[in-house]
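First up is the structure itself, then whatever we jot down about it.
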Amino acid sequence: MPRDYQAEKEKCKTFLQEFYKDDELGKKNFKYGVQLANIAHREQVALYIDLDDLAEEDPELVDAICENTRRYTNLFADAVQELLPQYKEREVVHKDALDVYIEHRLMMEQRGRDPSETRDPHNQYPPELMRRFELYFKAPSSSKARVVRDVKADSIGKLVTVRGIVTRVTEVKPMMVVATYTCDQCGAETYQPIQSPTFMPLIMCPSRECQTNRSGGRLYLQTRGSKFIKFQELKIQEHSDQVPVGNIPRCMSVYVRGENTRLAQPGDHVSITGVFLPMLRTGFRQVVQGLLSETYLESHRLVKMNKTEDDELGTEELSEEELRQITEEDFYEKLAASIAPEIYGHEDVKKALLLLLVGGVDNSPRGMKIRGNINICLMGDPGVAKSQLLSYIDRLAPRSQYTTGRGSSGVGLTAAVMKDPVTGEMTLEGGALVLADQGVCCIDEFDKMMDTDRTAIHEVMEQQTISIAKAGIMTTLNARCSILAAANPAYGRYNPKKTVEQNIQLPAALLSRFDLLWLIQDKPDRDNDLRLAQHITYVHQHSKQPPSQFQPLDMKLMRRYITMCKRKQPAIPESLADYLTAAYVEMRKEARTNKDMTFTSARTLLSILRLSTALARLRLEDVVEKEDVNEAMRLTEMSKDSLLGDKGQTSRTQRPADVIFSTIREMVPEKGARSVKYSEAEQRAVSKGFTPAQFEAALEEYEELNVWLVNQARTKITFV
């Protein structure tokens, strides 16, 4: 059924003038009337029409707009242009060149023209030239955001919302909307509205005077009288969770104009509402591929999803019921066990991965930046579910990138300088680490990477930036991501006869940047192997973890809780400073006496601080407590013990009582009193990974042997 577009325009005018909402005091608030007044006084440029507001008045008009967006954009713009004089109460103070130009032309025309004379159609001002505002539609809330691969031919010309990640951004350039020409013979002005990406400039003057005199006046382009608008091109790609397994992520070009430019950077997750349109190829490409057409999205509204309307994360507050479900007894163990519940065991590794997802607190004292992100390397024999843990973290993390060592080059991880096909300029295209900004980058087969490519990660792991000096582009990109790497030992399997360095064969500069380096060994053990085999066969039969009293948390709920934890900024109180420094000095002392220990540097202390703040965040606290520091030190000890394997000097293989005894003996000063504070000894034992019960048992055992005495108040341990 043909539409009467004049009547439709009247509907648009009525809506803009009459739509209102009641405020708290019951007064009518004319939402669009206020904005029209701002536009008339040049205080606002972009007018967003919210289709939810229009749906209250006229649902049929909303459907028509979604089906034929381009036409209705012009109808609304014409309606606004006609209404503006009613809202203009005063003269515009700050006028630009185009304002003066248009006013001058109108004045000249009124002076020099006979009232009875009709205006030359070529000299008429096109509406695009007179418009000093931009009009965009905001999609109705009922329309769901689509995936790039779901936008197909049936969406041509319609209003669609697409979600994706920005991979490339061009520079903002002025784009010509109306070309103005002046004739060198008669002085008449001619205007040429431009709708397509290319246009043919007019040469001969079409005015009546030149036609009757046959003077053949030539036209010259007047750039000051022409109208330009800001233009930028984006490339968006599907999110990793939207790509079916084994498929290549799809891309889409987005053309952004006016006030919507400069809103996104490479690596931003965005939701873009716009009109899906085709475009014939032009220039040289038309000769080669003349019958092919390209498609693009003409942007109306661009929203960064990781800042405001992040519907993917579901940032609505957790209800009290959900919070109670998470923060009940042993919630730390429960959250850790909810990570990859199909995988048997690895409790401490899962706890470390949970802390990696939450992250520590960033510090920037006087410009110097101390990172808060936690980096973890999982080293282990083949078949211990390292890659499964990585892929689960990739799915669970709100922002993540998954890549493998052999399949990634140094440029693919950091950033590539590409030649823009439209302008021929060099542009930056972010790599995996840039796209994982404020998220997690999982790198599998880390040991298979080329050494030259691996060096690209050094700067990211400590400074959290990527510095580039390529093809005349000198810049620094943010790469504030946690790195989770999985690697096999140098000989395929871990060889206990070799040292740690010989087995790992990664440079010390890289290893010290990992907060935790975890070795997962596959040792034969009858009871363990039996439980693992039963677990695997059950998972294989039923495609889920075996039934138990423990019910793992839903992935969406965990994601929301992690987002909630990240808002906390816990601080370390001064009372813990001495405790931390003493613990660090002790660790350095152990590293010096034990040659087979891994490298311990000042970064180890920073790692403990990061893990402590992550634990405080997990409890939704604003202050780090001693238990957090003890747990952080326990995880650090456990990761070091995992590297020492079956060696005789490892503390794990000795009896707990013997290790606790040697720990307390080391605390006794060489001269003076041969006693130790009970509380300090207990804290030291707990930080080494022992339970209070084991500590008590060790005290009693050695007291019976008459090695030391514990006083009645249990405040002091004195060596006999």
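Glycine is no exception: its Cβ is also placed from the backbone N, Cα and C atoms.
When the ranges 328-331, 512-515, 644-647, 680-683 are checked against Swiss-Prot, the one recorded as motif 'Arginine finger' is 512-515. Annotated range for zinc finger in Swiss-Prot, selecting from 183-210, 379-406, 547-574: 183-210.
Under DSSP, residues within the zinc finger (183-210) fall into helix, strand and coil as 3 helix, 7 strand, 18 coil. When the alpha carbons of R603 (ATP 2 binding site) and K386 (ATP 1 binding site) are compared, the span between them is 25 angstrom. Note on the zinc finger (183-210): its mean pLDDT in the predicted model is 86. Helix, strand and coil counts under DSSP for the motif 'Arginine finger' (512-515) come to 0 helix, 0 strand, 4 coil. Geometry remark: A385 (ATP 1 binding site) versus R513 (ATP 2 binding site), CA distance 23 Å.
K386 (ATP 1 binding site) carries a helical DSSP state (H, G or I). Y344 (ATP 1 binding site) carries neither a helix nor a strand DSSP state and counts as coil. Taking each of the binding-site residues K386, R513, R603 in turn and counting other Cβ atoms within 10 Å of its Cβ gives the largest count for K386.
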